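Features of the protein shown, as given by TrEMBL:
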type: BINDING; residues: B:GLY48, B:GLU49, B:ASN50, B:GLY51, B:ALA52, B:GLY53, B:LYS54, B:THR55; note: ATP binding site
type: DOMAIN; residues: B:21-366; note: domain 'RecF/RecN/SMC N-terminal'
type: REGION; residues: B:264-283; note: region 'Disordered'
Amino acid sequence: MNEIEQVIQLLSRLPGLGPRSARRAALHMIQKREGLMRPLADALDRAVENIRICATCGNIDTHDPCSVCTDPKRDDTQICVVEQVGDLWALERTGAFRGRFHILGGVLSALDGIGPEDLNIESLLSRVGPDQPVKEVILATNLTVDGQTTAHYLTERLAASGVSVTRLAHGVPVGGELDYLDDGTLSAALKARHALES
Amino acid sequence: MALAAMQSVDMQGTMAPKLAVQKLTLSNFRNYVSARLDVDQGPVLLTGENGAGKTNLLEAVSMLAPGRGLRTAKTREMDRAGGDSPWAVSATVMSTMGEVSLGSGREPEGERRLVRINGANARSQAALGEYVNVVWLTPQMDGLFQEGASARRRFLDRLIYGFDSAHAGRLNAYDKTLRERSRLLKEGRADAAWLDALETQMVERGIAIVAARKTMAERLNLVCRKADGPFPGAGVAVTGSLEDWLGRMPALQTEDRFKQALQENRRRDAETGGAAHGPHRSDLEVTHLGKGMQASLCSTGEQKALLISIVLAHAKLQAAELGTAPILLLDEVAAHLDADRRAALFEILLGLNSQSWLTGTEPGVFEGLLDRAQLFRVANATIERIDNNN
Ligand SMILES: [Zn+2]
């Protein structure tokens, strides 16, 4: 396989890019070798070197702890729990939430062999407690079956900590994934969140 | 209320169907390389030898609604053998919301069924239920009252989809949480919080499912207890432990009772698989009221007639309450009815305000309907219109 084929093959493994669009993207870059391809290659190279996973919240950043965890202007009393970094980005786009985040890295799924030990749950539990400033944990997992199972599970595990546990309001369509929602719906769901019973 | 409304439907019986396929195209679907069928709102009659592809056409129509269609097939099973691309079905449909173009097919590299509505990808196949509702009777359902309860539950659940498009989603979600719980129990994982999270969801969905089925049975009884011409009066009931509890206590208390039953039976369920209680254990019981006999004890002919009674009652109920009956797919139904019942069936179908699709080996079985319907011959996966009404 030559270098060009290799680029196409790698690009086609990206989500949303089939072999056809991968070829088109590769061709586009090759035509703009200096203006696009080299800067992209350099940026990817630097990113690979510098990306860190935040040990506190699971966010992706260039330093650990991440900029969300270290931002002094953010509210320490609220933690919003999301499945993936993409969900954090979606919520950040709305600007409606000014607390801290926690990224689970997935959802519980017995059928896929993903249990509590595979998710960032212990690190979440260590962030709440009597000597911590957190007063409210907002569960913003997706409204899929697995997302809801995970929310119920977390509610139960968080019960002992005494923090108030809330859930995004159900303006979010059932089966809905945060990533797909427009900013207005997401802000509204955040404002209208409600307490979860365990 | 419902009954009064229904009589008005009978009087307006000749009104134009509000739900009808206008154009149907298939590509790499079952034995069809490609096919196109243009039809008007009247009954569609498909004739031809067995294996020619008549039932495949009905199955294609059934894929315009949510679910796995008339054969309960896996997505890949509908691909044409030796075909070079995944199956696709598309249609222009007149619905209560006006003309809509619907499409469905297997995703190119996977098992998922894709759905397109008016040219845009739909988030899930449940969206089809907003436009189209399809109910069918097939020869495979002849043993419905003899077989296991799962086929009877599927039959009842499909009748509910037309009234409650969220029912399919709840069934899927319930089934998923049931399987998740079974996996945990089988693996011997005694994670109480996890099991509890799954059981909480099973309870929420499970009680909603049982309530929807009970309501459906009660409403069906309003119509089908009375014999309709030569079709027998049928009594319909849903049975099971949850149904019992829901009959004796309020819904909230039933939820608690179900939750408790799940918790108590964890060990037992781990050994047997599944769960001792739940909507997946319910059954549909049908009684031939004229004979005072359980459906399973009736003759094959009477069992078929009872099924037709229920399907027709459902169509009338839906027409009265929602303004449109479902599209009816009747596979090899006409041939097995005596002349009286056949004639009565045709008149009832013409009176419903939705399209019906019927198959038979010979045009002769549609005697009495031929001049008011569209007749096609299906041979070797090609479709040819053979009446001279047009
Ligand atoms: Zn962080």
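Just so you know, glycine gets a Cβ as well, placed from its N, Cα and C.
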DSSP says B:THR55 (ATP binding site), in three-state terms, is helix
DSSP tally for the region 'Disordered' (B:264-283), helix/strand/coil in that order, comes to 11 helix, 1 strand, 8 coil
Smallest number of other CB atoms within 10 Å: among the binding-site residues B:ASN50, B:THR55, that is B:ASN50
Taking the centre of the Cβ atoms of B:GLY48, B:GLU49, B:ASN50, B:GLY51, B:ALA52, B:GLY53, B:LYS54, B:THR55 as the ATP site, the remaining residues of that chain with Cβ inside 8 Å are B:ASN56, B:THR359, B:THR361, B:VAL378, B:ALA379
Cβ atoms other than its own within 10 Å of the Cβ of B:ALA52 (ATP binding site), all chains, total 21
Within 10 angstroms of the C-beta of B:GLY48 (ATP binding site), the count of other C-beta atoms across all shown chains comes to 21
Minimal Cβ count within 10 Å, across the binding-site residues B:GLY51, B:GLY53, points to B:GLY51
Taken over the domain 'RecF/RecN/SMC N-terminal' (B:21-366), the predicted model's pLDDT averages 94
For B:GLU49 (ATP binding site), the nonlocal same-chain Cβ neighbours (under 8 Å, six or more residues apart) come out as B:THR361, B:ALA379
